[in-house]
Each structure stands twice: as structure tokens, then as C-alpha cells.
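Accompanying notes for the structure given below.
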Amino acid sequence: MQSYFDELEQVRYEGSQNTNPLAFHHYNPDEIILGKRMADHLRFAACYWHTFCWGGADMFGSNAFERPWQQSGDALALAKRKADVAFEFFHKLNVPYYCFHDVDVSPEGASLKEYLNNFAVMTDVLAEKQASSGVKLLWGTANCFTHPRYGAGAATNPDPEVFSWAATQVFTAMNATQKLGGENYVLWGGREGYETLLNTDLRQEREQIGRFMQMVVEHKHKTGFQGTLLIEPKPQEPTKHQYDYDVATVYGFLKQFGLEKEIKVNIEANHATLAGHSFHHEIASAIALGIFGSVDANRGDPQLGWDTDQFPNSVEENALVMFEILKAGGFTTGGLNFDAKVRRQSTDKYDLFYGHIGAMDTMALALKIAAKMIEDGQLDKQVAERYAGWSSDLGQQILKGKMSLEDLASYAEQHNLNPHHQSGHQELLENRVNRYIFG
């Protein structure tokens with residue numbers, strides 16, 4: 001196989017003082033952090049779609065990249081060439097996982113039969129690539145939003161035949177994910193939403209997508225898939241309003257359809273931005289609700305109202321995110337997938353490495369800082385002290401349902417309660433976090 005990235009052997013850790021742009025400066029896979037290898041904490045994955053499928057087109061311009069596998073020719077042969085380059089990239093980046101949509105790795109074809117045949121061929125190709133490289137599949141998913149048939153959604157489409165086609169894609173992609181040893185399966189409702197309420201039956205569409213998710217869960221149990229099912233929240237784009245708006249909305253949906261024990265969330269930083277939340281908020285919310293699963297690590301631009309999918313570069317933001325994840329016990333089947341793309345002007349093929357190296361170093365440094373926060377214990381101590389009253393006899397009786405409103409009213413009167421506000425010490429805590437980060 002002819003090498004595509006022929007000027008690079010493999011990206012390696014060379015230390016923070018090294019100036020080699022094709023080396024890691026903070027990501028040392030074998031470094032032990034809180035008793036575990038750094039690589040096992042972070043569980044990095046590179047995505048197929050932005051890295052190997054996007055041609056550099058945007059709303060105002062055509063493809064800007066010259067990728068050999070994106071030229072005209074035999075679609076299946078080009079898909080195999082793309083797989084060659086992808087696994088060369090994964091190996092040279094030293095990333096343990098990858099992620100894909102079905103049509104990222106396989107030509108969709110002109111019919112359902114062609115789609116199924118192509119995907120079967122490419123699943124075997126990927127299996128061979130994984131076996132020879134040691135790279136594993138973090139998660140697979142189905143693209144049920146790009147094709148024109150999905151203009152009005154997939155599971156929420158007014159046409160049950162479109163619903164059925166989407167079900168076929170998800171059925172096939174789930175089976176491929178299982179065959180490839182995928183540790184999760186993701187459901188992102190790219191067009192599960194509406195443009196206008198004038199032609200939308202909200203209750204009908206909610207029932208449709210609820211039933212779709214129930215069928216996904218049923219299929220998981222029928223086939224014995226051991227991975228985690230994940231929904232990826234996003235508030236809008238491409239639709240005006242999407243039903244999986246944010247973590248809290250997804251949790252309400254899961255509760256409605258009895259799926260809160262079956263499906264968790266894959267949280268993307270840029271989607272949190274679009275929903276008007278911080279990335280930290282969405283991670284903490286998912287953990288508090290018991291549905292935290294995995295992360296799409298990227299960043300958005302707060303001055304822009306769309307999904308820019310830039311590589312993460314804020315140690316400050318991600319240190320707090322990793323702090324929450326570590327406190328919750330870390331990833332189980334999930335990981336940090338870089339759902340990010342180089343900028344349209346970044347046309348050098350090695351820009352793909354620069355973007356991922358910077359992101360991996362960012363998350364590695366964030367992990368180290370989060371570990372300092374854990375080991376120091378002062379942030380947790382401050383929070384525990386703030387809520388200490390709820391460990392008292394009064395607090396416990398309230399929480400255990402042993403006191404009614406009337407009981408509390410009597411208690412307050414009998415004890416002549418006159419509580420005073422206690423400082424939240426926000427500035428003190430912010431200063432402490434800055435010292436962890438900057439020393």
C-alpha cells in the first residue's frame with residue numbers, strides 16, 4: 001500500500017519543551033495519572049467524517065481539498081483507498097479508537113440493495129484494518145440526515161416509508177458496529193425537528209421518534225450487543241428546532257418513553273454552545289442525571305450561530321470538564337472523539353495532524369490539571385461544607401419525606417428560625433482554579 005502521509009513515521013511524546021509540531025508535548029499515553037494510564041483516561045478517537053469525507057466545501061464555496069479518494073471513479077475502490085489512508089492516519093497519530101457514519105466508510109449506492117452490499121464489503125475491510133492495526137471502534141452510527149429523502153427527518157418523517165428506510169440503515173449500522181467490536185452506538189437526529197409549526201404535528205413526531213428509539217433498544221437486546229446506546233443532543237442546525245435540544249431535554253424524552261436506563265448521551269462541546277450552555281454545564285448535567293456516556297471533543301465560536309466544529313484548544317474549559325468526568329469515575333465505554341475539522345484554508349494534508357495533536361495535548365493537559373483538583377480536594381471540600389446542613393437531622397428528614405410543608409412550618413415557628421445567607425465564595429474558588437491551571 002502506498003503511503004499517503006509519507007513524511008511522517010508516527011507522532012510520539014517528546015515533552016513540553018520540544019518544538020517539533022508533529023510531536024505530542026503533553027499527551028504521554030503511558031504516563032500514570034491517578035493510578036491509570038493517560039491513554040486509558042482519555043480514550044481518544046478520530047472521526048471518519050470531518051477527517052476523510054469533508055472536501056472543504058462551505059455555503060459559499062466548493063471543495064477546497066485535493067484528496068485522492070474524493071475524485072471520480074469506482075466508488076467502492078475509492079472507499080477502500082479512503083480506508084487505507086484513514087488507518088494509516090490512525091496509526092501515525094497513535095490514536096486508539098475511531099468513529100464513523102455508515103456512508104462515511106461505504107458508498108450509499110443508487111438503491112437499498114447497493115447500500116447493503118457496499119456496506120457489507122466495507123465492514124469486512126474495516127474488520128481487517130482493525131485486526132492488523134490494533135485500532136478499535138469507539139462507536140458507529142447511521143447518517144439519516146444527508147440524503148434528500150430525509151428532508152423532513154428520519155424517525156420524525158411524515159412518511160412511514162422514509163421511517164422504514166432509516167430503520168434499515170440503523171439496523172445495518174448497529175449490526176456492523178457489533179461485528180466490529182464497537183463499544184457504543186450513537187443516534188444523532190440531524191433532522192429530527194421542524195422548520196415551522198404550521199406543518200408539524202409535535203405529538204405525532206414525538207411518538208414516532210419514541211417508538212424508533214424503543215425499537216433500537218429492542219434490537220440491542222435481541223442481538224446481544226454489549227455496547228452503550230447514546231443520543232447526541234443538539235438544539236438546531238440543520239432544522240430550526242431539534243427535539244434533542246440539550247441534555248435535560250433528552251432526559252425528559254427518555255423518561256417519557258421509559259428509556260432512561262437504556263440510553264445515555266454523547267455530548268458535543270459545540271452543541272452545548274449552540275444551546276446557550278457551557279460545555280461544563282452539559283457534562284455536569286448528564287452526570288447528575290445518570291446518563292453521561294461519551295464526548296465529542298471540539299469547540300464552537302460563541303460569536304457565530306452555527307456548528308464550526310473546531311479542534312478544542314481551551315485548557316481552562318476542558319480542565320473543568322475533565323474534573324467532572326474524573327469525579328464521576330471516568331469513562332466506561334465512552335471516550336473523547338474529535339468531532340472537529342481543519343479550516344477550509346488549511347489545505348496541507350499534515351494540517352490534519354496539527355489539529356489533532358493540539359487537541360490531544362489540550363485534553364492531556366486538562367486531565368493533569370483535573371487530577372490536581374481531585375488530589376487537592378479543596379473544591380470538593382468547599383461544596384461539601386456548603387451543603388453540610390442537608391446531612392443534619394432536619395435535612396435528612398426533609399429529603400427522606402418524613403416532613404410535610406405543615407411540619408416544616410411548625411418546626412420553623414417552634415425553633416424561631418432566622419437563617420442567614422452564607423457566602424458562596426465564587427471569587428475564591430475561581431482564583432483557586434486559576435492557580436491549578438496557571439500555577
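Here the Cβ of each residue, glycine as well, is placed from N, Cα and C on the backbone.
In Swiss-Prot, the Mg(2+) 1 site is described by E232, E268, D296, and among D201, D339, D348, D351 the residue recorded at this site is D339. Other Cβ atoms within 10 Å of the Cβ of E268 (Mg(2+) 1 binding site) number 27 in total over all chains. Sitting within 8 Å of the Cβ centre of E268, H271, D307, D309, and not among those site residues for Mg(2+) 2, are the Cβ atoms of K234, A269, N270, T273, L274, D296, N298, G300, T308, D339. Listed in sequence order, the recorded positions near D309 (Mg(2+) 2 binding site) (C-alpha within 10 Å of its C-alpha) are D339, out of H101, D104, E232, D339.
The distance from the Cα of D296 (Mg(2+) 1 binding site) to the Cα of D307 (Mg(2+) 2 binding site) comes to 13 Å. The two recorded residues, E268 (Mg(2+) 1 binding site) and D307 (Mg(2+) 2 binding site), have Cα atoms 10 Å apart. Taking the mean position of the Cβ atoms of E232, E268, D296, D339 as the Mg(2+) 1 site, the remaining residues of that chain whose Cβ falls within 8 Å of it are W188, N266, I267, A269, N270, H271, V295, N298, N337. A separation of roughly 9 Å, to the nearest angstrom, links the Cα atoms of H271 (Mg(2+) 2 binding site) and E232 (Mg(2+) 1 binding site).
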